[in-house]
Amino acid sequence: MGRLPRWADVILTPLISVLLAFAISALVILAIGESPVEALKVMVEGALGSSYGWGFTLYYATNFIFTGLAVMVAYHAGLFNIGGEGQAAMGGLGATLVILSLPWPHWALALPAAMIGAAGFGALWALIPAWLQARRGSHVVITTIMFNFIAAALLNYMLVNVLRPVGSMDPASANFPAATHLPKLSEMALAFGITWGKNTPANITLFIALAACVLVWLLIWRTRLGYEIRAFGKSEPAALYAGISPVRITVLAMLISGGLAGLMAVNNVMGEAERLVLNSVEGAGFIGIAVALMGRNHPFGILLSALLFGFLYQGGGELALWTTIPRELIVVIQALVILFTGALDNMVRRPLEWVFARSGKRD
Amino acid sequence: MSLMKSLLAGAALTLMPLAAFADPALIFDLGGKFDKSFNEAAYQGAERWKAETGGSYKELEMQSEAMREQALRRLAETGANPIVMTGFAFGEVLDKVAPDYPDTKFVIIDTSVDKPNVQSVEFSEEQGSYLAGVLAAEASKSGTVGFVGGMDIPLIHKFECGYAQGFKATKPDGKLIINYTGTTPAAWNDPVKGGELVKAQVSQGADVIYAAAGATGIGVLQAAADAKILSIGVDSNQNHLHPGQVLTSMVKGVDNSVYEAFKAGADVKPGHKLMDLASGGVSVAMDDNNKPLITPEMADSVAKAETGIKDGAIKVHDYMTDNTCPVK
């Protein structure tokens, strides 16, 4: 079996996997008595057909970029961080505490502080599983997923007993002051005289997410720490032999990972809801796993697959609104994408390698 | 005048193709559409409108707290008018969204939102619950009755307090056991825990239990029927769920509110609407299913309490005015 050309490895394999997942989803839609063509039309129309749809697609994509990058950084260190959900929830708590505790005069000042709060809380939430993994050998998959539940319970407690304003019945924090509201992409477009995506939640955080993609790329492939992370991820004994401390790398990689997941809160808590509500993460932490797998753990791939999942998420919402196809079907499609890109990767890869090997010989 | 009006309306219809899309819409909050209680009452109202007018409406069921704003905006964006939403939890979100869609009318049930295009419908649950308390006191043989609330919020304390007042007014030395299912919206949809709370209350001697807990109440009524004690349903008429074992139901006219909002269409009157006993907004359900349970004396006491509340002789304290209850 020859090796695949790089473009086939990075683009063709995931693309075929996604197409296979879509094909099976189409069969499922047929089986419940709906038209897959209609469904696809509704999804494309609803997610990409208008600037309104794009506004939501980009908003969701921003969430998924952060959680995808979080999974990626841990993955390069050979760690599987399933705790993005809890880390993002704690990030929301961190951002909320920062924003509500000081009278911020302007969003430009509140934003960096909220980012530090969000990333800090997210990183701290990843620290304990990381330490347990590094020092005690407790598997990070188990501990991070358990920490998701602890985060949900802690958030419950904080919203019901501490952050809920007096007189309010809804377990949610107070609304953030108007000065801390982030500029929406629609407002920025309007400043240039363009009417785009009115009333959509996509906001300036998108650019932070794009910057994070570049920074993570620099970190993993252009720094000493990134090299150590990758070396450790490839082979722990070899890394140890090279003088790389497993404890240090495990903890650092998980801190960065948790921080990235926590940063998502800047988008959904500060940028969209403008207050902290229950379940604000809405599964984005788990979708990050799919995004990272599909993006082949490369920031550029993650950007593309986050866009795809943003489309799936927004299109799925439209499906629920306009057709009798339940929103849950989107979960089925997401699951199929994960199945094909993650678990059944070789099913697509092997035949492709074979095809390329054959055509290579002919040349 | 009316000819003029219909002519104008006709002209408006032909001029604005958009009007054809102006279906009303209904959003159910967490707890599920078929909770046999609060949300289902709203659904029944919408279905009644559909059956009578042959119109169609859009509906959305909330799956998570964070989706509320998107859902509301999406519906408003599609041109749905009016948009009715059930549940106090939409208050904050509607407060933010309503000004962005000044031409859309919104109706919110169970809380008030002060916006020029919003109709807020609130019910005097304490009055209906008072009557339920009177019935519970007369039906109880042990002298101990129970209350199972859903989410621990002032709104449900309002039910509890009305119930306690009716109970104590009839049976001053009676004992009332109070439990809440939880502190988050998940408490509206936890029938298993509801059933457990019933078992705990039964072991303390309760033989009539009032559930004000959305879909959690299904579990309360079931566990009460299993334990061969009486229960009291809420929001919808739930007497039929366990015929002969549900003493009565404290019915909130959520269905009527939805029906009337849909019927009024885009002409829904903004402002506050208080639905109390006198206006038929709340009542205790009497039908064939609970007929054998209601003795003539009980019917008499309820009728007396009803007239008393209506003419002001009996003042039922509303918990939410000062977050306290005069009886414990």
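Here the Cβ of each residue, glycine as well, is placed from N, Cα and C on the backbone.
Counting only same-chain residues 6+ beyond the ends of the transmembrane segment (A:12-32), those with a CB under 8 A from a CB of the stretch are 4, 39-40, 294-296, 301, 305, 308, 325, 329, 332-333, 336-337, 339-341, 344-345, 348-349, 352. Annotation source TrEMBL lists transmembrane segment at A:12-32 (among others).
Annotation comment: TrEMBL describes A:52-75 (among others) as transmembrane segment.
Positions annotated as transmembrane segment by TrEMBL: A:110-128 (among others).
Taken from TrEMBL, the feature transmembrane segment covers A:140-160 (among others).
Residues or ranges marked as transmembrane segment by TrEMBL: A:202-220 (among others).
The transmembrane segment annotation in TrEMBL covers A:240-264 (among others).
Taken from TrEMBL, the feature transmembrane segment covers A:276-295 (among others).
Listed by sequence, the residues of this chain that lie at least six past the ends of the transmembrane segment (A:302-323) yet keep a Cβ under 8 A from its Cβ atoms are 14, 18, 34, 38-39, 42-48, 53, 56-65, 68-69, 72, 210, 213, 287, 290-292, 294-295, 329-330, 333-334, 337. Here TrEMBL flags A:302-323 (among others) as transmembrane segment.
According to TrEMBL, the feature transmembrane segment maps to A:329-348 (among others).
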Handout entry: Dominant neighbour of the transmembrane segment (A:140-160) in A:52-75, A:202-220, A:240-264, A:276-295, by Cβ pairs under 8 Å
Key = A:276-295
Practice task
Report the listed stretch (A:52-75, A:110-128, A:202-220, A:240-264) having the maximum count of Cβ pairs within less than 8 Å of the transmembrane segment (A:276-295).
Solution key: A:52-75
Exercise for the section: Determine which residues of the chain contact the transmembrane segment (A:240-264) at the Cβ level, with the cut-off under 8 Å and only residues 6 or more beyond its ends counted. Expected result: 62-63, 66-67, 69-71, 73-74, 76-77, 79, 81, 83-84, 87-88, 90-91, 94, 115, 118-127, 129-131, 133-135, 140, 208, 212, 216, 219, 225, 228-229, 231-232, 281, 284-285, 288
Problem - Other parts of the chain folded back onto the transmembrane segment (A:52-75), taken as Cβ under 8 Å at six or more residues beyond its ends - result: 45-46, 81, 84, 87-88, 140, 185-186, 196-203, 205-206, 209-210, 212-213, 216, 219-220, 229, 233, 253-254, 256-261, 263-264, 267-268, 271-272, 284-285, 287-289, 291-293, 295, 297-299, 302-303, 305-307, 309-311, 313-314, 317-318
